[in-house]
Each structure stands twice: as C-alpha cells, then as structure tokens.
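Data first, discussion second: the structure below is written as structure tokens.
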Amino acid sequence: MALLSQAGGAYTVPSGHVSSRTGTKTVSGCVNVLRMKETYVSSYSRTLSTKSMLKRSKRGHQLIVAASPPTEEAVVATEPLTREDLIAYLASGCKSKEKWRIGTEHEKFGFEVNTLRPMKYDQIAELLNSIAERFEWEKVMEGDKIIGLKQGKQSISLEPGGQFELSGAPLETLHQTCAEVNSHLYQVKAVAEEMGIGFLGMGFQPKWRREDIPTMPKGRYDIMRNYMPKVGSLGLDMMLRTCTVQVNLDFSSEADMIRKFRAGLALQPIATALFANSPFTEGKPNGFLSMRSHIWTDTDKDRTGMLPFVFDDSFGFEQYVDYALDVPMYFAYRNGKYVDCTGMTFRQFLAGKLPCLPGELPTYNDWENHLTTIFPEVRLKRYMEMRGADGGPWRRLCALPAFWVGLLYDEDVLQSVLDLTADWTPAEREMLRNKVPVTGLKTPFRDGLLKHVAEDVLKLAKDGLERRGYKEVGFLNAVTEVVRTGVTPAENLLEMYNGEWGQSVDPVFQELLY
C-alpha cells in the first residue's frame, strides 16, 4: 500500500489533451504543476525541505527523516486547488515510452522461528535499526518510533500488522527488479536470522488469529482501525493479516492509460488465480485459494472493486478524479498529526467544507495521500498499480511484474489483450473477480475454464517480453507450470496439508520461508 514515487519532486503536465465529458480540454505546453497552484512536494521525495517537522540529524552515515507524509509545511499554497488541477495532477504522470519504468512492491510476514508467532513491534524496531546501521538506510520516524527506512528511491515500510514491505525503485528491466528483490531479502535475512526471525511469503496469515497480531504505532492506522468495522466485516483482516505483491507501471497518454486500465481490470482475476496463495486461516483450510482476494470484497465497497465505469466511453482522468472525490477520506495530515476525516469526502475538502478541518483547503500532498487510501483491483495515481496478487516466495515476486510488463508494455500485445476481453460483460468480469478466489483457474468461463483463457494470456505475456529484447521471459517460469496444470500454488499447499504435513499448517512457515 505504500506510495512508490516514480520521479523527483517537480512534475510537469505534458502538452496535449485531457478529455472531458464537456468536450476536450487542452493542457497547454508543459504546464508546470509547481507553477499551477502551489509548490508540490512528493511524500517520498528526496528533496524534502522543512521547518520543525523534518528534523534531520546525522549520526555517522545515517540520516533520520520524519514520518511520511510530513510535507505540508513545505507546501506553499498560492491559491485554492480546483478539480481541473487534480485532473492535471494525474495527467502529469504521462511519460514517453523510453521513460517507462517498473516498480515492484511486496509484503511479507515476519515471525519468531522458534514459536512461529508474529514479530512484535520492538523486534521490528530492532530489525529496522540494525538494517539501517549495517546497510546504510535512512530511518523514517513517527514521533520517537521508527516506522520505516529509505535508501535512494527504495523504501521499507510497515503495514498495520507489522507486515514488512519493500517499495522498490522505478527500474528499467525485470533483471534489475529481481536483483533489487534479492538484495533486499539478503539484507533482511542477514539481520533477521541473528534475531531468530524468519519471513513468510503468503497472501494471508495461515495460523494466528486477528487478536494475536501486533499493531504498528502509525497514526493513520489508528484511524483506519476505528473506521473499518463500520464499512465491512473483513477490513481489519485486510489490515492485519494480508500480504500482496504488486507492480506499478507507467502510461504515455490518457488514451494509453485507459487501455492499460481496462486490460488490467479484465485480467486481474487471472493474476489472482496464478498467484493464489492464501488457503489457510487459523491453522485450517478456509475454503478459498486466495483468502486475501476474498477479503477485499467485504472491506469497504466505497473504495474497492472492479470499477465498471472504467469501461465507459467517457472514461478518462476526469472520471477517475470524480470517483476519487467522492470516496470517503480517512485522514488529513496537519501539524505533525493525523486528523480523523473518516466519512467525509475530498469534494467537501475542495470546497473548504470539511467538518474535520473547517475552512481549510487541500494541497497536492493531501490529494496524493487520499489517492493512496483507495483500493480497487487496479489503482491510478501518476502511474498504475496492479493489485490482484497474493504475496508469495521470491520467484513469484519476480514473476508478477514480468506478467504485467509482458502484457501492458508492448503495444501489439496490449491490443491483443483488449481484443480478447472486448466482449466480456461487466457481469462476467464481476463473476470472475468473485469466483476466482474460490476456484482459481478451474473457474467456469463461457465454454470452458479460466485455465484456457490463462493459457492464451500467458502466451501473450511471453510474446510481450520477447519483443522487449531483454531476455526476461524466464521470469515467467514460476507461473508457467501453474497455467499448464491449472493447479494454483494454494492447491499445492492444500495437497501437502492433507498429505505429508498431517493436517498441520506449521510446515508452511518452512516451505514458504524467504
């Protein structure tokens, strides 16, 4: 869920057109977003400037930075933001093809090797401090608590239940992405093994109850924990007991964004099936192959799902902004504190009518933070996030970005995907989204099984990687067997559970240990 910043602190809106329901709105010659309304500073920018909030102190090679998002004092408002500014903000993500990058994020469960119990916060703090000291990462603090690390354009952050997340740098090739993952896992293991800590690659916590999971000292999570039970029955499980792997990809124009968004939504259930890896809850099979995916169906319907409006003829940056304006907020960040704004909308904020901050107007930083609290199967920021896959072992951490890069970064392959899915109805897309977490590639679809569609899709992904010319096809080996057999990783785990594991989930902590 962490933000992956794909560029520096200044952003430009490319020349061209941003479509609008009311006609075509021209975004004139590279309007600088900084100049449009205010100084915009990315939450994860390396150029954070501060007053009191971003105290930086050198301790040897270490640099300590305050918690993200800590930038409201660095933002100088000149006049109020408008809806058009928010549209232009998304459009500022457009990049020419040679500047497209791959950003991979993954989460994992830390546990005590001797007891299999989840890591406590004090153990996580020790781990983070040791990684910072040994491998020269900057510490990220919230108050006096360490909550993450930064190094260049990479960051390590903590999910609400202590899940350990790497948000990778934007990289050019899958070889670089996989090397980044390997380097991260080496560093984490080097410290964790000395502490008797292991890390598990799964989509859902297989053994422990919700109340067994420690909570992290992050203000935004306190607000979310209080709000989640009001809007769904599984939101706290999403926060505390799930892990994902996702890839963040670029687009060249509004038209390119629309094509990738539609392809990503249509094929997201196939990614969910290929990477399904969460069949256990509290020590027993839970009836799902991807419990993590199912959990999102009863977390908060205001901010999740398959976004059928993306397939409307009128869809574009403007329509996504209108959607996001009406998704209830979680918080705003003011004076070093998270302000509870749950149930209120950014549309109210834009009008200066936010009950939690009466009379105040939003900054670009507020908008960026709000966009990170929306959780559809594909999410739009200034790049696109493919969000349908369970966490898994390291080979699958490299396979997930390979799958989507192959499908979305080659124009001919992308067109083939759009042709393949063009006549899928909203009801069919919703059916796949809801049934795949239970039946995986064996989900009936039209005249056959989803497995048969996945065979065609995997071939397209391989073709797309071949044509990139970087010898990246091998990264799909981890899912090739899944497609060939129609047997998901979760089904393999269930077979071991019912066989050699003697109906115990404990061996999974060794089987899927990083």
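Backbone N, Cα and C atoms are what each Cβ position is placed from, and that goes for glycine too.
Swiss-Prot lists 1-55 with the feature transit peptide, giving sequence analysis as the kind of evidence.
Around Cys398 (disulfide bond), the same-chain residues at least 6 positions away in sequence with a Cβ under 8 Å from its Cβ are Leu174, Thr177, Cys178, Val181, Phe475, Ala478. In the three-state DSSP classification, Cys398 (disulfide bond) falls within a helix. Positions annotated as disulfide bond by Swiss-Prot: Cys178-Cys398 (among others).
Under the heading disulfide bond, Swiss-Prot lists Cys341-Cys356 (among others), citing experimental evidence as support. Annotation for Cys356 (disulfide bond): spatial neighbours Ala332, Val339, Asp340, Cys341, Met344, criterion Cβ-Cβ under 8 Å with sequence separation of six or more.
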Name the secondary structure element type, per DSSP in three states, that contains Cys178 (disulfide bond).
helix
Return the count of C-beta atoms lying within 10 angstroms of the C-beta of Cys341 (disulfide bond), excluding that atom itself.
22
DSSP-derived structure type at Cys341 (disulfide bond), helix or strand or else coil
coil
